[in-house]
Amino acid sequence: MIAVNESIPLEFILLGFSDRPWLEFPLFVVFFISYMVTIFGNLTIILVSRLDSRLQTPMYFFLTNLSLLDLCYTTSTVPQLLVNLHSTRKVISYGGCVAQLFIFLALGATECVLMPVMCFDRFVAICRPLHYSVIMHQRLCLQLAAASWITGFSNALWFSILALQLPLCGPFVLDHFLCEVPALFKLSCVDTIANEAELFFLSMLFHLVPFTLIVISYAFIARAVLRIQSAEGRQKAFGTCGSHLLVVSLFYGTAISMYMQPPSPTSKDRGKTVSLFYGIVAPMLNPLIYALRNKEVKEAFKRLVARVFSIRK
């Protein structure tokens with residue numbers, strides 16, 4: 001038998017974009033600006049939804065959960081990424097890597113479950129408008145939101161155990177800008193085919209199943225909208241669903257392509273690109289999509305700004 005250098009590392013080296021050093025400063029500027037926009041946009045959605053009495057509805061309750069998820073989601077990776085882009089020593093401690101891995105997986109899985117919950121809310125609002133307030137009562141909304149968070153964090157615990165129980169061999173270098181399960185598998189001293197198969201199955205469960213439910217729900221929603229006689233009513237119904245459809249397309253499209261892509265020589269760089277998109281770009285775009293396409297949010301933001309200025313006077 002051949003002995004292997006198996007141990008628990010003190011830290012990992014994150015290669016990130018070090019193979020393209022000329023890109024690091026421009027990327028630092030872009031990611032910093034994106035992070036600031038993400039924080040401002042999602043905090044604005046949360047504050048407006050919580051402080052404006054006209055937005056105390058299930059739709060905005062779930063939107064607040066989505067904004068909180070996106071805020072924490074990007075915060076779990078971007079600060080460390082900015083530090084490494086600005087530093088010559090691109091490392092993350094073992095504890096930091098474990099925490100980042102767990103939080104990133106937990107929030108991502110929670111968002112996978114929250115998306116169909118938001119779709120269910122739109123389904124009831126459009127297909128069962130007369131029973132909406134009875135069905136989507138406060139207790140059910142709290143239960144659905146809690147179920148999303150509990151399911152997501154339980155899944156992350158399973159994923160983390162799956163990755164961290166494997167013996168790792170040095171050098172402890174991750175060819176990524178964050179700690180992700182596929183990158184950790186490459187450091188394993190043992191064959192990971194069974195683990196990769198399990199990862200594929202769980203990814204399919206958390207991505208394809210919710211996405212399929214959303215597609216089926218929107219088929220019923222589209223049929224109900226087309227039955228509306230008023231053109232204004234149809235436009236309003238499509239308007240409330242359009243933002244969610246865009247967010248769903250961004251999130252599931254990039255996440256599925258990330259975890260379910262076939263192995264290839266270019267999959268390494270493609271994986272980084274897709275991770276950047278659904279880990280940084282999507283959380284930045286989500287509040288912009290809802291704010292720019294939603295008249296109620298824009299009016300609530302104006303009222304909040306007017307209230308702030310009136311207090312100062």
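For all residues, glycine too, the Cβ spot is worked out from N, Cα and C.
The structure displayed is predicted, hence computed values, not measured ones.
Taken from TrEMBL, the feature domain 'G-protein coupled receptors family 1 profile' applies to 41-290.
According to TrEMBL, the feature transmembrane segment maps to 25-48 (among others). Long-range contacts of the transmembrane segment (25-48) within the same chain: residues 17, 55, 63-64, 67-68, 70-71, 74, 78-79, 81-82, 85-86, 280-281, 283-284, 286-288, 290-291, 297, 300-301, 304, each at least 6 residues beyond the stretch ends and with a Cβ under 8 Å from a Cβ of the stretch.
Residues or ranges marked as transmembrane segment in TrEMBL: 60-78 (among others).
The annotation transmembrane segment is assigned in TrEMBL to 98-120 (among others).
Per TrEMBL, the feature transmembrane segment maps to 140-164 (among others). For the transmembrane segment (140-164), the residues of the chain that approach it from at least six positions outside its boundaries are 58, 61-62, 65, 98, 101-103, 105-114, 117, 120, 181, 184-185, 195, 198-199, 202, 206, judged by C-beta separation under 8 angstroms.
TrEMBL lists 204-226 (among others) with the feature transmembrane segment.
The feature transmembrane segment is assigned by TrEMBL to 238-261 (among others).
Beyond its flanks by at least six residues, the transmembrane segment (273-292) meets 31, 34-35, 37-38, 41-42, 44-45, 63, 66-67, 70-71, 73-74, 77-78, 104, 108, 176-178, 180, 243, 246-247, 250-251, 254-255, 257-258, 261, 298, 301 of its own chain at Cβ-Cβ distances under 8 Å. Annotation comment: TrEMBL describes 273-292 (among others) as transmembrane segment.
Mean predicted confidence for the domain 'G-protein coupled receptors family 1 profile' (41-290): the pLDDT average there is 83.
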